[in-house]
Amino acid sequence: MTEETDSSRGRLTRLLPSGGLPRRLYFQTLIFSLGAGLTAGGNVVFFVKYLRLTAEQIGVGLSVAMAVSAACTLPLGKLVDRWGPRRVWFGCAIAEVVLHLLYPFSQALWMFVAIQAILTVVTSTGNSARSVYSYAVISGPTRVKTLAHFRTGFNVGFTVGGLVAAGILLLPSDRLLVLVPLCAAALFVVNTVYIARLPKVANETRRTKPKSEAPGRAALRNGKFVLFCLLNGLIGTHQTVLMVILPLWILRGTSAPPWVVPGILIVNTALVITSQVWLSRLADTLRGAIRASALGSLAAGIACALLALTGHGDVAAVMLLLIVGVVGLTLCEMWQSAGEWGWFPHFAPAAQRGEYQAVLRLAAQIPMFLAPVAFTQVVIGGGRVGWIAVALLYGAVAVVVPMLGHRVRAWDDEASATVEEGSRT
């Protein structure tokens, strides 16, 4: 029994990052992702059945929120650099708690829109500040592997949070749907306390900016970096293919049964949880990280080419091709994430990572904004020819990424951050 227990503990330990601060950040990720999964699984139902909002009103709130968030991304990214990532992250965490507690009182459209807009801004800013903090305190060859552990933990927590939301939705009274934001707020309180207890970044070795780059505009003036981020955003549209286009295609363009739609999401989640850390080993170096991004785009291209072979044929054959296509899109997700974790710290000066992170996010939003409409027209309207066109797009990106990536300026002197264990906000 003792040997079996020790073996189980050993397997569990391998699923976690190394001890100390990385493991503390891992458990913070779990706590936050529980709340994120809970809200993702229950918010829409809460809006409709508790707040009595119409679909049009919810759409207005989400659209305004996205627009406000995009407008605030760059100035708030600079704020992360000016005030420090941990302080901004902590402030955003407090705001998330307050806003979720206000949700039950937002029956009026103006209040719902305001809360949704502010919440989207603080969530995005908090995630950006967390990324900058992680890059500052985790360095060296273990960084990508550690961030991969965080991604795995997030998927586990998000899934469990979604199951909790499902349990709340099964309760007999619509009035009990108020538990969705209240339980999320409780989790975010724990998250806030956890962040407050994380060590503060005390020192960073900051490289002096080149004279050709004006203060506060370095990221936008770095044209090759911006273009590379746009290519990274194009690779990121695989999420639109997986979450929107492929389900529509399964329902309209294939002989596969409807239950395959949630099945592909289960396959995707299971693969990320079990394989993200292992596949991230490729991105330990800058060259390897660029290669991982290119491989991600290539995997998406191959997946789309295989999905072009699906249709109203033999159900078993169609389902096999769909599974292989989902595996390809999931490989794209994991390689793209690992690549970004690997090349971003090299391309962004330590003193301006908040600003560079903001540009990275903005560049990702542009393709993601255009992809649903464009891909729906091309794939659902064009069928197999449309799938081939999307496959060629990803293939072209896979060719351009390494050529451009090796021309983006790399900052060789990594930030060497130290932390103060006793510091608090």
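Cβ atoms here come from the backbone N, Cα and C positions, even for glycine.
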>> For the annotation transmembrane segment in TrEMBL, which listed range does it cover: 87-107, 150-170?
In response: 150-170
> What parts of the chain pack near the transmembrane segment (150-170), using Cβ distances under 8 Å and only residues at least 6 beyond its ends?
Replying inline: 15, 17, 25-27, 29-42, 45, 134, 176-177, 179-180, 183, 187, 269, 272-273, 276-277, 337
> Out of 25-46, 109-129, 176-196, 256-278, 290-309, which stretch has the largest tally of CB pairs under 8 angstroms to the transmembrane segment (358-380)?
Replying inline: 109-129
> By Cβ distance under 8 Å, which residues at least 6 away from the ends of the transmembrane segment (315-337) in the same chain are close to it?
Replying inline: 148, 151, 232, 235-236, 238-239, 241-242, 246, 250, 254-257, 260, 264, 267-268, 271-272, 275-276, 279-280, 282-283, 292-293, 295-297, 299-300, 302-304, 306-307, 309, 394
>> Should anything in the same chain at least six residues away from the transmembrane segment (58-76) have a Cβ under 8 Å from its Cβ atoms, list it; otherwise answer none.
In response: 44, 47-48, 88, 109, 112-113, 116-117, 119-121, 124-125, 128, 220, 355, 358-359, 361-362, 365
